Amino acid sequence: MTEYVAGKYDVIVIGAGHAGCEAALASARLGAKTLILTISWDNVALMPCNPAIGGPAKGHLVREIDALGGQMGLTIDKTCIQIRLLNTGKGPAVHALRAQADKKRYQREMIRVLEHQENLDVRQAMVESVVVEQGRVRGIRTNTGAFFAAPALVITTGTYLRGRIIIGDLHYPGGPNGYFPSVALAASLRDIGVRLGRFKTGTPARVDGRTVDFSQMVEQPGDREPLNFSFLSPRIERKQISCWLTYTTEETHQIIRDNLHRSPLYAGVIEGTGPRYCPSIEDKVVRFADKKSHQVFIEPEGEGTHEMYVQGMSTSLPEDVQVTMLRSIIGMKDVKIIRPGYAIEYDYVDPTQLRLSLEHQEIGGLFTAGQINGTSGYEEAAAQGLMAGINAARFVKGEEPLVLKRSDAYIGVLIDDLVTKGTNEPYRMLTSRAEYRLLLRQDNADQRLTEIGRSIGLVDDRRYRRFREKMQLLEQEVVRWKSSFVTPGNKKIQAILDEKKSAPLTKGVSLYDLLRRPELTYDDLIPLCNDGEKDLPIDPEVAEQVEISAKFEGYLVKQQAQVDRFNKLENKRLPADLDYKRVHGLSNEGRQKLIARKPVSIGQASRISGVSPADISILLVYLEQQRRLAPGEGGVD
């Protein structure tokens, strides 16, 4: 086939899923001439699994993407059909937004944003090879002979790399939702020295909502006063569509047990490792044999369709078994399948080959983001895509990469876990993975990250102005509460305390200090603030942050002290050219891991599996010796 030069760019993004969209938009918005390529322009921002954005830890990621100037939060706010705040019975660290998406509208809106973005070209093409010369990216080739030149490349191919669809005895090469897999590109990555592994994920059947008996299920409506993912979005006032909760039965489980011999998962057909936190229904029935039922959520796929997603029933069982199994669920005895569930195997890049910037350690200008890095979930993908797009643009400009620490954001935790620790199964973001989760709440993502987004040029004037206005309101509100006092003789406060079964006052106290009591809320006390100035236009999120800062002040101070100690180790930098073979006393395993991972700091080195506390002590002594031998050169503060 005749090759021709089809174009020259600063950054090329391969794949237009959730990672690719964020990467391309970030790169273009930072001024880099960018091209995004996808197998099909119809699969842009596709949701091949659940029709939802957010949830525990994932909602935090979406808020952080938005605070930095990313797109996902804005798009889901415009296209959601339901939104709920989860975990409200727990502390604020784990409060999380989750939205049901109209999948097609979400795609159309993201396509509109991409097509109208300055500095961004879009192209439908099958990329077959990555061109690397002298250890640096030079461009890519497509199956039609087009060569696109660029010094930076972001690969966001999701589950398409050598994808294989599996439904019972049927298995064939394919990507999600019937799209083509990317086979030649996987071979090209191996040829240039990228280490690949094999993972598996799956999805449940989609069913016709007209054949579901919702009267036998429990309705799950959206919040009456829904919050937004984006700090820029107006309040959501559109009509919401409910989800429905039902359960499997003992009959369901018996059907599955009777057909385990036909399950690819248990017949040895599936080679890839599956996700721990999203197991198939057959896996759940085997692992939790004592459970008589499992929750099943019926979720609408959009406003103008009868297609419903059966959350909790991911499977690769044969289609005839899927039909029988689904019809044994409460309220689904007459259900009809629109699309069967399936498993998909795919290649992924071992993320320990990457720097914290998501650039490959050995191939300059090669970035990867999303499920190709071993993660699961749209939100994890989008977060990586944003950071890879930012750093690809900065790479082209010769600027230092943007790296968020574990104490900065869930995004920092996500990337540090992948690069430093690696993963042997599809990685899912969890609040429990974040050591400093009380500081990394979803409500304060803008306070943590918008200034960073502004400093690199991704946060525009409108967003920054809105952020500064909110910060000013918050400061004023805290001052107002700290300067408003009540005394034991105040009948209004006594009535409130009696109603809330709170201890009476014994001395004068500010309303801010009174708000520390767990049984009292902002809304309870606002009528007393400055003689009842309750009509001030206070943003509900500002009110929430005032309450959190009062109630959790002691814990926040303690956690900040932990962060300060953490940052001391993070700030002890390890030279990029450090020869660990010359550092005497390191354990053999520790030396091997340090050579392979190339940590940038003592803090990162301490999180590598196989590097012991003794190894860290030896590194600290070595760095101090080097500092004394060469004062002012490569020293450690």
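Using the three backbone atoms N, Cα and C, a Cβ is placed for every residue, glycine included.
Under the heading FAD binding site, Swiss-Prot lists GLY15, ALA16, GLY17, HIS18, ALA19, GLY20, VAL127, SER182, GLN371, citing sequence analysis as support. Taken from Swiss-Prot, the feature NAD(+) binding site applies to 274-288.
Taking the features listed in Swiss-Prot, we show where each one sits on the structure.
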residue: GLY15; record: FAD binding site; DSSP (3 states): coil
residue: VAL127; record: FAD binding site; DSSP (3 states): strand
residue: GLY274; record: NAD(+) binding site; DSSP (3 states): coil
residue: SER280; record: NAD(+) binding site; DSSP (3 states): coil
residue: PHE288; record: NAD(+) binding site; DSSP (3 states): coil
residue: GLN371; record: FAD binding site; DSSP (3 states): helix
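Within its own chain, VAL127 (FAD binding site) has ILE14, LEU37, ILE140, ARG141, THR142, ASN143, SER182, LEU185 as residues 6 or more apart in sequence whose C-beta sits under 8 angstroms from its own. For PHE288 (NAD(+) binding site), the same-chain residues 6+ apart in sequence whose C-beta sits under 8 angstroms from its C-beta are HIS294.
In this structure the C-alpha atoms belonging to GLY17 (FAD binding site) and CYS278 (NAD(+) binding site) are separated by 20 Å.
With respect to their backbone Cα atoms, GLY15 (FAD binding site) and CYS278 (NAD(+) binding site) stand 24 Å from each other.
The separation of ALA19 (FAD binding site) from ARG276 (NAD(+) binding site), Cα to Cα, is 22 Å. Cα spacing between CYS278 (NAD(+) binding site) and GLN371 (FAD binding site): 15 Å, rounded to the nearest whole number. Most buried of the binding-site residues SER280, GLN371, judged by other Cβ atoms within 10 Å, is GLN371.
Long-range neighbours of GLU282 (NAD(+) binding site) (same chain, six or more residues apart, CB within less than 8 Å of its CB): ILE256, LEU260, SER263, LEU265, TYR266, THR315, SER316, LEU317.
Comparing Cα positions, GLN371 (FAD binding site) lies closest to GLY274 out of the binding-site residues GLY274, SER280, LYS284, VAL286. Sequence-distant contacts of VAL286 (NAD(+) binding site), defined as residues of its own chain at least six apart whose C-beta falls under 8 angstroms from its C-beta, comprise LEU260, TYR266. Geometry remark: SER280 (NAD(+) binding site) versus ALA19 (FAD binding site), CA distance 25 Å. Counting neighbouring Cβ atoms within 10 Å of each of the binding-site residues (ARG276, LYS284), the lowest count belongs to ARG276. Here the Cβ of GLY274 (NAD(+) binding site) has 21 other Cβ atoms within 10 Å, regardless of which shown protein chain they belong to. Sequence-distant neighbours of ALA19 (FAD binding site) (same chain, 6+ residues apart, CB-CB distance under 8 A): THR156, GLY158, ALA369, GLY370, GLN371, ILE372, ALA381, ALA382, GLN384, GLY385, ALA388. Pairwise Cα distances among GLY15, ALA16, GLY17, HIS18, ALA19, GLY20, VAL127, SER182, GLN371, the recorded FAD-binding residues, top out at 18 Å. Neighbour density at the Cβ, taken as the number of other Cβ atoms within 10 Å, is lowest among the binding-site residues GLY15, GLY17 for GLY17.
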